[in-house]
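What TrEMBL records for 53-152 is region 'Disordered'. The compositional bias 'Polar residues' feature in TrEMBL is assigned to 79-101. Sequence annotations record features per position, and here TrEMBL assigns compositional bias 'Low complexity' to 112-129. Look at TrEMBL and you will find 162-184, 196-216, 283-299, 356-377, 427-444, 533-554, 560-578, 590-609, 695-716, 736-753, 798-819, 897-917 (among others) tagged as transmembrane segment.
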Amino acid sequence: MESVLVLIALIYGLGLPVGVVYLLVRTARLGRENIDLGLRVRSAEQQLEALESRAQNDPLEGGTAATGQPRQAGLQEATPGSTVKPQSASGPASETTSQAASRAPWGDPKVAGRAPASGATPPSPTKAARQTDTVKPGLPAQKPAPRTPSAFDRMMGQLGSWLVQNWVYAVAAVSLALAGIFLVQYGIEAGLLPPTARVLAALGFGALLIGAGEYLRKRWGDGEDSPAAFLPSVFSGAGIVTLFAGLLAARHMYDLIGPTTLFAGLLLVAAGAIVLGWLTGPLLSVLGIVGAFVTPFLLGGSSDASPVVAHLGLVTLVGLAIDTYRRWKWLSALSIILGQILLVVLVRFADVDPEWVIGSALILPFAAVIVMGWRVLPRLPGAALLPHLVTTKSLRGLPRRMLLLQGLMAASVVWLMLSSTAGSAEFWLSVGALALLSGGMAIWARRCVAMEDLPILPAIGMLITAAMQPVLYLDVWQAFIVPVGQGALANGIERGVESDLRLAPAYLLALAVGVGIIAAWRSLTSDGHKRVWAFASAIFAPAMLVVLELTWVPANQIGAFRWALVVLAVAALMVIKLERFARAGDKDRMRLSLALISALGLISFALMLVLSPSALTVALALTVLVTVEIDRRFDLPLLEWFAVVGTILVSARLVLDPGLPWADDAPIRSVSFAFAGSILPLAAAWWLGKDRNRFKALVTLESAALSLTAIFAALLLDRAIETATGVQYEQHWGDGLNALIWMLVGAVQLWRLQLGGRLATLRLGLAAIYGVLALGYLARALLVDNPFTTYGEVIHGWPGLSTLGVAYALPALLLLGVARGMSHLPGKARLGFALGGAGLLAFWAVAEIAHFWRGPELAGQPMRQPELYTYTVALLLVGAGLLYQAIARGSDLMRRVAMGVIALTSAKVFLVDAAGLDGLMRVFSFLALGLSLVALAWLNRWAANRGKGDGDAPKPGPDP
């Protein structure tokens with residue numbers, strides 16, 4: 001009795017959706033017939049109205065016009081210069097909303113529904129053309145046509161319109177597919193049939209649905225005009241989903257078949273879906289793809305969901321294969337996006353082995369390329385994605401296939417990076433997979449121009465994955481930093497394996513070297529982008545070295561000398577690449593230069609590991625000298641940039657790291673060796689480089705050599721003052737020297753502004769930062785360590801040659817030199833430097849006069865009459881000197897400045913000296929002022945007349 005009830009329930013559950021769908025299809029067909037009849041009636045009415053209107057306006061009704069030409073009833077003919085009224089939108093040639101909606105969403109948007117019945121009058125085929133070409137003279141030009149919607153917008157609009165009218169087909173397909181799935185589920189829960197019978201019942205039901213769909217298609221077709229519109233696709237799609245469900249149930253629920261048999265069955269069903277989708281239409285393909293994706297999540301099953309990863313990848317490839325044949329662009333995007341989303345859900349909520357994810361991420365990009373072109377050796381048409389973005393700088397017109405492949409490659413790289421965090425084995429599998437993706441794609445796609453940029457993402461992923469271990473403190477990093485002999489105890493690692501883990505950075509570097517060798521091979525064998533491949537070959541291994549040095553610091557664990565040997569081995573490999581590129585015989589020798597720069601950089605890096613700070617700095621300077629000499633001998637313009645970068649590194653080591661703090665405390669011999677050993681090679685490089693037109697390198701070398709010489713002299717002066725005075729703490733001269741050094745570094749950046757280029761803003765910003773530091777030290781020297789206000793601030797040396805000159809005169813002279821020598825700076829900036837230098841120089845002169853009269857300690861000492869009188873004499877001398885320079889140079893501006901200084905001196909005498917001096921001091925003060933003013937006034941008058949061209953000639957008197 002229970003079996004009979006179950007049978008009745010199944011018949012009801014399956015028959016009701018089918019019956020409802022059949023009735024809805026019949027109803028929809030009748031509705032379309034009614035719409036067609038209404039259109040025919042409306043067309044006839046419009047023709048009748050046109051004939052009646054013409055009969056009323058034309059006296060020769062039914063006859064001929066005045067010209068004698070016959071007139072056809074119901075048709076219009078446009079003569080030159082005439083206009084034709086557009087046909088009504090409701091006419092038979094127009095497409096109604098119902099017709100647009102009833103058309104399939106994947107159909108051609110240019111086809112306007114069904115053709116009218118034979119009894120209806122068809123519209124003239126040239127009517128639109130006549131309407132477009134006929135324009136009345138004198139009328140304004142028509143507005144430009146609106147922007148054509150994109151293919152995605154058209155597809156989404158058609159799909160939405162189709163779903164509004166034909167949603168029942170989609171619901172029916174889902175209902176039938178769920179019926180098959182729930183049939184299997186009910187058999188499991190009720191236990192009515194043995195497992196084999198349950199699986200066979202599900203497979204049989206799926207085959208029955210596919211057979212029914214194919215029968216309907218052969219009997220009535222699957223077009224929108226057929227009696228069984230869309231029903232064949234509905235039944236076939238539901239059958240494909242049921243077959244997927246049955247095979248997965250046989251494996252995961254009942255363990256009736258093994259993994260090999262399961263995937264063979266899934267492959268057969270997927271192949272069948274491809275064939276059916278290719279023969280029928282996108283509806284069946286979408287149903288099969290979506291159903292295949294969601295089937296494992298509906299069935300559930302074993303706690304180990306790892307094989308589902310392969311299933312998702314296989315279904316993704318099925319969607320790409322259908323798109324390859326039928327060019328349904330949205331199907332590929334749907335397959336990739338839905339597959340990746342469901343993979344995220346699977347990994348998040350189910351138990352999945354990372355090895356399955358790693359394998360899928362490695363295989364899927366290669367398989368996708370094969371499926372997209374159906375060739376073992378890919379020959380995909382079109383252009384690469386990255387060159388398109390670089391040349392057009394626009395997101396419009398992107399190559400669709402390569403956009404899909406790059407998206408799939410990006411997803412694989414992300415999965416491999418995430419899988420590398422699961423453990424040591426997973427890390428090495430992920431890094432190896434990334435290396436295979438990058439190098440394998442480069443080798444495999446050698447003849448495919450469109451795929452040349454695919455290896456970029458996995459190469460970047462290798463660098464990031466290597467850096468993730470120490471940053472996130474993961475297993476491989478922990479085993480690497482554990483002291484020798486404790487690794488097995490701390491991490492459960494065998495002692496034989498522990499020594500291998502010590503070489504983890506070397507293994508990572510070896511993988512990067514392998515990818516670089518493949519890039520060099522591509523540069524030597526490819527027809528295009530040879531320089532790009534050479535650049536990748538020269539930069540990838542050094543990039544991995546930089547990542548390892550910044551995150552792993554291998555020298556701390558395996559020893560600086562061993563790690564330096566590894567680096568030198570990579571440099572030797574670069575030399576081999578250099579020789580290969582030299583044999584290629586490039587005219588510009590660009591590839592040769594790239595390999596040479598990489599080799600020189602690696603040698604410098606190896607020296608950095610084993611040499612002391614001073615020796616390393618000298619070695620870098622010698623490397624710059626060798627680079628300039630190689631460029632001079634072999635004419636390699638690209639080496640100019642290496643010379644520029646090397647010079648900047650040498651300057652940074654002498655000023656910043658280890659820089660001035662190291663120079664303050666290190667032995668004077670080491671400091672002298674570092675500075676002199678660096679300045680001399682840089683100066684020699686500048687001298688040798690003058691034979692070549694290397695403007696950037698020459699400016700950089702010249703500014704570095706001069707500024708480092710000045711900084712070295714300032715350091716020696718500071719050391720000499722400390723030795724002579726025995727003062728080890730900062731005083732006014734230390735503040736002035738520090739300000740002088742930062743002013744020199746900032747002046748170098750200002751001098752290099754004349755190079756221009758994209759780095760001009762960066763140089764200006766660095767100059768501003770250094771200037772702020774210099775201002776800070778000058779403010780300290782003027783406010784905190786000022787000898788006039790600070791007790792205990794002692795001036796060492798003789799007046800005119802004391803520490804005051806170090807603190808104030810040297811920075812003032814540098815500011816004045818910048819204002820005078822850097823003509824490429826704006827005028828206001830140069831004026832600011834000149835005023836600042838003049839102010840500092842004036843303060844130094846006042847302090848030196850006070851030092852002469854008061855002694856080494858100025859704070860708390862009163863100003864006496866001789867000092868006050870000396871200031872007057874000094875001002876007069878300054879005014880006279882400026883006036884002399886104004887006359888010699890013919891500068892009216894300087895003459896005005898000189899007269900201003902003289903006016904200031906006069907004010908000082910009358911306002912200050914008259915009250916502060918007495919006796920003969922007051923007499924001599926006013927006497928000197930008067931005589932000086934007479935002489936200076938005469939000189940000023942003579943200079944003014946000379947400027948007007950009169951000279952010494954007396955003015956002629958008036959005529960009698």
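Placed from the backbone N, Cα and C atoms, the Cβ positions cover glycine too.
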| message | Could you check whether the transmembrane segment (590-609) and the transmembrane segment (533-554) come into contact, where contact means at least 3 Cβ pairs under 8 Å with the two residues of each pair 6 or more apart in sequence? | response | yes
| said: At a threshold of under 8 Å on Cβ distances, which of 356-377, 427-444, 533-554, 736-753 pairs most often with the transmembrane segment (560-578)? | reply: 533-554
| Same-chain Cβ contacts of the transmembrane segment (533-554) under 8 Å, 6 or more residues past its ends? | 459, 462-463, 466-467, 469-471, 477, 480, 504-506, 508-509, 512-513, 515-517, 519-520, 522-523, 526, 563, 567, 570, 573-574, 577, 581, 590-591, 594-595, 597-598, 601-602, 605
| task | Please indicate, using numbers and ranges, the residues of the same chain that are 6 or more beyond the transmembrane segment (736-753) and have a C-beta under 8 Å from a C-beta there. | result | 651, 655, 660, 699-700, 703-704, 707, 710-711, 714-715, 717-718, 760, 763-764, 766-771, 773-778, 781, 806-808, 810-811, 814-815, 818, 822, 824-825
| note | Long-range Cβ contacts under 8 Å made by the transmembrane segment (356-377), restricted to residues 6 or more beyond its ends, are 306-307, 309-310, 312-313, 316-317, 320-321, 323-324, 343, 347, 401, 404-405, 408-409, 411-413, 415-416, 419, 426, 429-430, 433, 436-437, 440-441, 444-445, 447, 451, 454
